[in-house]
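What Swiss-Prot lists as region 'N-terminal SAM-like domain' is 1-151. For 93-118, the entry in Swiss-Prot reads region 'Disordered'. According to Swiss-Prot, the feature compositional bias 'Polar residues' maps to 105-114. Residues or ranges marked as region 'Linker' by Swiss-Prot on the basis of sequence analysis: 152-243. Residues annotated as region 'Fe-S binding site A' in Swiss-Prot: 253-269. Here Swiss-Prot flags Cys253, Cys264, Cys267, Cys269 as [2Fe-2S] cluster binding site, drawing on sequence analysis. The region 'Fe-S binding site B' annotation in Swiss-Prot covers 314-328. What Swiss-Prot records for 314-317 is motif 'Cx2C motif 1', and it gives sequence analysis as the kind of evidence. Residues annotated as [4Fe-4S] cluster binding site in Swiss-Prot: Cys314, Cys317, Cys325, Cys328. According to Swiss-Prot, the motif 'Cx2C motif 2' annotation covers 325-328.
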Amino acid sequence: MATTGRVLLLSPPSLSSHPEKLNTVLKSHTRDKTDLQMLDRLAHGLVSLPESTYDIVLLLTGADNTLAETHSLLNRELIQRVVHSLRPAGKLRNRENKPWGLSDGNGNNANSSRRYNDDEQRFRNEVILAGLVFDDKGELLKPDIGAQQAIPLKLGRRKKEKEKTDTLASSANYITNGTVDAPASNGISAPIPAAKTTENNPVPPGVGFIDFSDDFGVPAEDDLEDSDEELIDEDELLDEDDMGRQIVQPPECRPKPGKRRRACKDCSCGLSQKLEAKDKAQRATADKALETMKLGSSELAEVDFTVQGKVGSCGNCSLGDAFRCDGCPYIGLPAFKPGEEVRLLNNDVQL
């Protein structure tokens with residue numbers, strides 16, 4: 001199978017005991033553009049995959065020529081790592097390069113009448129949750145998010161624009177050439193000077209006004225007709241099954257080997273409270289253990305290691321180094337024997 005771009009081959013561990021099958025697969029690919037990784041080593045974190053590197057990730061079949069072993073090893077974390085290693089518009093294929101087919105929601109393949117087993121259905125669900133989509137040919141494709149275009153939001157300003165236009169039109173009927181026609185007492189209308197405008201009475205410096213009718217450059221005729229759509233309740237987006245799933249910790253948040261797990265600054269995921277509660281529980285357990293080791297005054301006994309009735313010429317040198325004088329020539333020697341008399345005269349030992 002000739003392919004262009006970098007290719008990653010994911011092999012189950014059972015294929016390593018059949019080198020002839022593995023060599024057959026490797027012969028059909030260009031070695032300088034092909035990498036081979038074992039799924040069990042990836043699952044245990046012994047090796048890592050580079051991000052946005054491969055154009056095609058190929059899942060190899062096991063020794064039984066099925067993908068059962070491969071599906072059983074591909075958990076959620078490993079699938080996300082594989083998807084991150086794909087480039088935008090990269091594809092996830094199997095060894096036979098057969099299309100995965102489209103699922104109809106009941107676990108059935110639109111291209112065949114068989115029903116997927118639990119591992120296959122779980123694999124299909126996990127790759128979709130990881131961000132892959134099915135293209136027109138039934139292949140799993142990583143969408144190119146960077147190629148998508150941003151759509152500007154339409155602000156509902158149609159009513160305000162219409163009211164503003166009607167107000168200006170009605171004002172124009174009464175104000176002409178800076179005067180307002182007002183009825184007089186004799187039935188003759190008399191011109192009255194109009195109010196001063198902002199040109200005649202400018203706004204004082206440092207004073208600003210907010211125009212809430214501003215449409216931010218979006219024409220009123222381009223506004224959406226259904227601007228008052230029903231809002232989606234965010235509490236209904238996740239059900240109990242989603243809330244009970246295990247949280248996947250990002251690699252950058254995992255503690256390094258041999259180091260204690262620490263929470264980020266301004267932690268909002270609950271890890272800080274969890275670690276604080278764990279520390280309090282450990283401190284309480286240690287304090288409780290220390291309480292059992294404390295002894296009362298009645299349980300303490302004083303031990304005297306002094307040899308009774310044995311003194312030297314100074315009164316202490318026969319008891320050992322701890323009781324000898326600073327200038328005693330016997331410092332560093334064992335204690336005298338019981339009953340042995342020692343006398344010092346001019347710093348000379350007299351036995």
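Including glycine, each Cβ sits where the backbone N, Cα and C put it.
Here the features listed in Swiss-Prot are placed on the structure.
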{"residue": "Cys264", "record": "[2Fe-2S] cluster binding site", "DSSP class": "coil"}
{"residue": "Cys269", "record": "[2Fe-2S] cluster binding site", "DSSP class": "coil"}
{"residue": "Cys325", "record": "[4Fe-4S] cluster binding site", "DSSP class": "coil"}
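Cβ contacts within 10 Å of Cys328 ([4Fe-4S] cluster binding site), excluding its own Cβ and spanning all protein chains shown: 19. When Cβ atoms from all protein chains are considered, those within 10 Å of Cys267 ([2Fe-2S] cluster binding site) total 13, not counting its own. Cβ neighbour count for Cys269 ([2Fe-2S] cluster binding site) (all protein chains, 10 Å cutoff from its Cβ): 12. Considering only the binding-site residues Cys264, Cys325, the Cβ with the fewest other Cβ atoms within 10 Å is that of Cys264.
Nearest neighbour of Cys328 ([4Fe-4S] cluster binding site) by Cα distance, taken over the binding-site residues Cys264, Cys267, Cys269: Cys264.
Geometry remark: Cys325 ([4Fe-4S] cluster binding site) versus Cys269 ([2Fe-2S] cluster binding site), CA distance 67 Å.
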